[in-house]
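*Asks:* Below are the features I grabbed from Swiss-Prot:
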ACT_SITE  H46  active site
ACT_SITE  D92  active site
BINDING   Y26, G28, G30, D47  Ca(2+) binding site
DISULFID  C11-C70  disulfide bond
DISULFID  C25-C117  disulfide bond
DISULFID  C27-C43  disulfide bond
DISULFID  C42-C98  disulfide bond
DISULFID  C49-C91  disulfide bond
DISULFID  C59-C84  disulfide bond
DISULFID  C77-C89  disulfide bond
Amino acid sequence: NLIDFKNMIKCTNTRHWVSFTNYGCYCGYGGSGTPVDELDKCCQVHDKCYDTAKHVCKCSPSMTMYSYDCSEGKLTCKDNNTKCKDFVCNCDRTAALCFAKAPYNNKNFKIDPTKGCQ
């Protein structure tokens, strides 16, 4: 769920999780156009992963709670998750790790999607 995702971001990143809520064309609610950079691409992939979870697992990823461990920046989805919970956990894990590796461009925070997301 979104709280677990927020906590995964906090585990793997020094930047505050809010920095990822309204970034580029895909970080935050919805998304369209071409990702503006590598970090925005992480969010596009995460959105697609959630879409797949909705169709394949018949669940609501933003509401699906799962079990995971965070230790020294390492994320592990626990074995006791159901198939759907594990799928969503891995969507969030992959995105959080991607956020940690991708450069952050301040100019892409709170961009106008009508102008920058074609």
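Any Cβ shown, glycine's included, is placed from N, Cα and C.
The model shown is predicted, which means the values in this text are computed figures rather than measured ones.
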*Asks:* Measuring CA to CA, name the entry from the binding-site residues Y26, G30, D47 that ends up nearest C91 (disulfide bond).
*Replies:* D47
*Asks:* Quick check: which same-chain residues outside Y26, G28, G30, D47 lie with their CB within 8 A of the centre of the Ca(2+) site CB atoms?
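*Replies:* Result: C25, C27, Y29, G31, C43, Q44.
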*Asks:* Within 10 Å of the Cβ of C70 (disulfide bond), how many other Cβ atoms are there?
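*Replies:* Other Cβ atoms found within 10 Å: 15.
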*Asks:* Which has the fewest other CB atoms in a 10 Å radius around its CB: C43, C98, the listed disulfide-bonded residues?
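*Replies:* C98, out of the disulfide-bonded residues C43, C98, has the fewest neighbouring Cβ atoms within 10 Å.
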*Asks:* If you measure C-alpha to C-alpha, which of G28, G30, C49, C59 (recorded positions) come within 10 angstroms of D92 (active site)?
*Replies:* C49
*Asks:* CA-CA, which of the recorded positions G30, H46, D47 lies nearest C117 (disulfide bond)?
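*Replies:* Minimum Cα distance from C117 (disulfide bond) across G30, H46, D47 lands on G30.
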*Asks:* With Cβ-Cβ distance below 8 Å and at least 6 positions apart along the chain, what are the contacts of Y26 (Ca(2+) binding site)? List them in sequence order.
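*Replies:* When sequence neighbours closer than 6 are ignored, Y26 (Ca(2+) binding site) has P35, D40, K41, C43, Q44, H46, D47 within Cβ distance under 8 Å.
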*Asks:* For the disulfide-bonded residues listed here, C91, C117, which shows the highest count of neighbouring CB atoms within 10 A?
*Replies:* C91
*Asks:* Sorry to bug you, but what's the C-alpha spacing from C59 (disulfide bond) to C98 (disulfide bond), rounded to the closest Å?
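*Replies:* Taking the Cα atoms only, C98 (disulfide bond) lies 23 Å from C59 (disulfide bond).
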*Asks:* Tell me the Cβ neighbour count for H46 (active site), meaning other Cβ atoms within 10 Å of its Cβ, over all protein chains shown.
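*Replies:* H46 (active site) is surrounded by 23 other Cβ atoms within 10 Å.
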*Asks:* So of C27, C84, C89, which of the disulfide-bonded residues has the fewest other Cβ atoms within 10 Å around its own Cβ?
*Replies:* C84
*Asks:* Based on Cα distances to C49 (disulfide bond), point out the closest of the disulfide-bonded residues C27, C77, C89.
*Replies:* C89
